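According to Swiss-Prot, the protein carries these features:
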type: TOPO_DOM; residues: 1-58; note: topological domain 'Cytoplasmic'
type: TOPO_DOM; residues: 80-120; note: topological domain 'Extracellular'
type: TOPO_DOM; residues: 142-152; note: topological domain 'Cytoplasmic'
type: TOPO_DOM; residues: 174-216; note: topological domain 'Extracellular'
type: TOPO_DOM; residues: 238-275; note: topological domain 'Cytoplasmic'
type: TOPO_DOM; residues: 297-307; note: topological domain 'Extracellular'
type: TOPO_DOM; residues: 329-343; note: topological domain 'Cytoplasmic'
type: TOPO_DOM; residues: 365-383; note: topological domain 'Extracellular'
type: TOPO_DOM; residues: 429-440; note: topological domain 'Extracellular'
type: TOPO_DOM; residues: 462-471; note: topological domain 'Cytoplasmic'
type: TOPO_DOM; residues: 493-548; note: topological domain 'Extracellular'
type: TOPO_DOM; residues: 570-615; note: topological domain 'Cytoplasmic'
type: TRANSMEM; residues: 59-79; note: transmembrane segment
type: TRANSMEM; residues: 121-141; note: transmembrane segment
type: TRANSMEM; residues: 153-173; note: transmembrane segment
type: TRANSMEM; residues: 217-237; note: transmembrane segment
type: TRANSMEM; residues: 276-296; note: transmembrane segment
type: TRANSMEM; residues: 308-328; note: transmembrane segment
type: TRANSMEM; residues: 344-364; note: transmembrane segment
type: TRANSMEM; residues: 384-404; note: transmembrane segment
type: TRANSMEM; residues: 408-428; note: transmembrane segment
type: TRANSMEM; residues: 441-461; note: transmembrane segment
type: TRANSMEM; residues: 472-492; note: transmembrane segment
type: TRANSMEM; residues: 549-569; note: transmembrane segment
């Protein structure tokens, strides 16, 4: 494997030696001379560093350090998603769990683009360190929060750090691997999920989050940064090694000659390069539309509140303003329409959106559903929630080797979507009661296989469709669509929950005070009313009713999910970091093979022509 993971280093070095000629062609190609050259130099630095990873020991070190970093991120995320439920429960606002999730996802939409674009300009490592600082700040604020608004504010900082570290870790692994082995490298940070599901439940039980959730979150302010140190030191060492090469010195000398512009020019460049106006418009728009859906419920008659209505209308207007800005004024639009017009780009992005939409709509309230309506312990519930990650992580090395052999991914994504349909059907059938244990486990296993076949495969397909200069941007857009799907999915599930659950609890319990407790603090409720009690049975029936609605919506959304998979292109995963030949405007030009619907249509035409000729 070692001889083919990164590709032919001699080709990379020869390309680097031609950098001066390319710069001369590009330096005056448009008004953004500073942006062109600075971005170009950072990408070339990555290519020189990539050549240093040709040695087997450095490849092993890269994968190992990514594993350690991924372990810190993944274990914290797994535990914190549970601790968030206990935090909202302590505020007696557990029903607003999805509101926190929506706020996280909305913030992610804008931050993904910022990280991806700045990483081309300032380098991956610098942005990785910035993301780590946000991560620590958010963790500290969340741990000290005494009310939901303060916890949500901490979630903004934490989520900026979380999505940044994930995105930049993906970009770092992509820079230093070939397309053929890209899947293997990217899954290295995911392998900790082989271990996490079996220890997270025990950790949660031992940590007693109902009383100690604040300290349980706070400890990650120093545990997580420790997990990032190995990969940070490795990149710094490889940068030191690269600085000793003639190519690096030549590139730095040329960079000093080409450096132009002062502070004002840099700020103007960043304003247009990041599309600050576009980011603000889409972030505020989504916040105005999605967050009120999880806040309004019939018990408080908030839908009759003029503030809720005005917020929704404002969000819709801002969204149309965003589209107009992107089409008419943005110099570097968040959604590069020319790039997105090719089905090799828009189809995988559609798959990404519906993949995360269906996941969040089905799993946003899965942990409380397991505890309240399926008689699972906190340990068992945590393991079931994390079972899909375990399945995907365990099978990922074998899947990555298969991908390296076949070098194609489209059929895998189609199979993953089909598995999602089966998974959602099982979640619909086994949505509550003592007989749901085995069915939910089966659904979780299939969900893991679906995630394995879809999620990272779509990232690699998109990276295979673009050049190195566009790789970070298109990866950032993919992450943005994933968070957009997550935001809307969490918002829809939250809206259904807040609109339906209170009435069902009032109806089945027949006691307004008891219904309020069951709705606002379900974990407290189940400790007072054991399994089999009439009150608990009434709550279980309410949960089953609401889950039926949520899973019906999720099952319906697998149809457009499957449709988008049919239109994807199927680029070959070559033994280089990206396709650089046969490109146009940063997009790889592939033979315009027909999508599967066109092929089916052609097949029916062929059959009809045969029948006519037979007559």
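Each residue, glycine too, has its Cβ placed from N, Cα and C.
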For the transmembrane segment (59-79) and the transmembrane segment (472-492), decide whether they are in contact, meaning at least 3 CB pairs lie under 8 A, counting pairs 6 or more apart in sequence. no
Go through 344-364, 472-492, 549-569 and flag the stretch with the largest number of C-beta pairs under 8 Å relative to the transmembrane segment (276-296). 472-492
Below 8 angstroms Cβ to Cβ, which residues of this chain, lying six or more residues outside the topological domain 'Cytoplasmic' (329-343), approach it? 113, 117, 272-275, 277-279, 282, 349, 465-466, 470, 473-474, 477, 480, 567-569, 585-587, 595
Same-chain residues at least 6 beyond the ends of the topological domain 'Extracellular' (365-383) with CB under 8 Å of its CB atoms are 78, 81-82, 85, 94, 97-98, 197-198, 200-202, 204-205, 431-434, 436-437, 440, 493, 497, 522-523, 525-526, 531, 539-540, 543-544, 547, 550
With a Cβ cut-off under 8 Å, give me the same-chain residues at least six positions beyond the ends of the transmembrane segment (441-461) that come close to it. 170, 179, 182-183, 186-187, 190, 344, 348, 351-352, 355, 359, 384-385, 387-392, 395-396, 399, 403, 409-410, 412-413, 415-417, 419-420, 422-423, 426-427, 430, 475, 478, 568-571, 573
Taking a Cβ cut-off under 8 Å, which residues six or more beyond the ends of the transmembrane segment (549-569) line up next to it in the same chain? 343-344, 347-348, 350-351, 354-355, 357-358, 361-362, 365, 410, 413-414, 417-418, 420-421, 424-425, 427-428, 431, 461, 465, 492-493, 496-497, 500, 590, 593, 595-597
Cβ contacts under 8 Å made by the topological domain 'Extracellular' (429-440) with residues that lie 6+ beyond its boundaries: 369-370, 373-376, 384, 531, 540-541, 543-544, 547-548, 551
Quick check for me: are there 3+ Cβ pairs below 8 Å between the transmembrane segment (344-364) and the transmembrane segment (408-428), leaving out pairs under 6 residues apart? yes
